[in-house]
């Protein structure tokens, strides 16, 4: 699945995402509560000459978990190694990474909830006591050797913290949840990105793009690039409110930040199931979509913005959705 409002990175975005990524806490707009706490924790660890406690960053995709991990490493003056859970298939894969870490390095694991159980459990002693057991040989000749690791900080990023086993989750001394950004923070991000990308944009244009960006910086930056194209071809090169409205309407992003799939979800619940409640598996089957995709990609924003409610009996359309999005049909 690839959509312009997708929070996960899509193919080809890595290079310009890195260009736009803040390198310091001071350049990171939004998430003030999380940011201020991390600054204190990092400063205290540096003062003691220790590695920072292990950090778990939770929240929907595109909110800055990877960026914060890099800022933590930069602020600590530490090396960072980056990987993702699907790339760590076996204990040996993890052992190779852990044994290569320098003192006080940061190890970032994206999608950490997708680690297999045996790999997850292999991290326990590494996180608590900085050692792992390495098995050499096979069969009756196999023996276990204790390998001491350099002190390090594990930073895990997850969109589904509830899937982590409690013993694993409890080993993170710092657990923070990132929230969707407000429009002012997104406007600041857009103005900064426009300056880096050399895009002419006025305040009203930035506000309009921010309003439709689903509270997600990655989406905001992606929309900025597409609106820039319309400004260059259909306008005078400046991203104004008028050109932003025109471009985003052409891209199928409405005034609420919803796209066609979002509206299909809402219409399905309202029209086919009388507003709900309806189970997530039923919705997934009706839309020919994966349950995980609905729960991780679409639902967080729809719930956050008050379009649907999640109940024990299923999903329910809210009065706000009926009087806004669905009233515009």
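Each residue, glycine too, has its Cβ placed from N, Cα and C.
Features reported for this protein in Swiss-Prot:
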- 20, 21, 62, 65, 66, 67, 128, 129, 130, 171, 181, 218: ATP binding site (BINDING)
- 11-20: compositional bias 'Basic and acidic residues' (COMPBIAS)
- 1-181: region 'Large ATPase domain (RuvB-L)' (REGION)
- 182-252: region 'Small ATPAse domain (RuvB-S)' (REGION)
- 255-329: region 'Head domain (RuvB-H)' (REGION)
Quiz item: How does the region 'Small ATPAse domain (RuvB-S)' (182-252) divide up by DSSP, counting helix, then strand, then coil residues?
Solution: 52 helix, 4 strand, 15 coil
Self-check item: Number of Cβ atoms other than its own within 10 Å, given for residue 20 (ATP binding site)
Solution: 17
Practice problem: Restricting to the same chain and to sequence separations of six or more, state which residues have a Cβ under 8 Å from that of residue 66 (ATP binding site). | Solution: 21, 82, 108, 110, 157
Quiz prompt | Number of other Cβ atoms within 10 Å of the Cβ of residue 128 (ATP binding site) across all protein chains | solution = 10
Self-check item: Fewest other Cβ within 10 angstroms of its own Cβ, chosen from the binding-site residues 130, 181
Solution: 130
Quiz item: In the region 'Head domain (RuvB-H)' (255-329), how many residues does DSSP assign to helix, to strand and to coil?
Solution: 43 helix, 9 strand, 23 coil
Quiz item: For ATP, with binders 20, 21, 62, 65, 66, 67, 128, 129, 130, 171, 181, 218, what's the maximum Cα separation in whole Å?
Solution: 37
Quiz item: Average pLDDT across the region 'Head domain (RuvB-H)' (255-329)?
Solution: 92
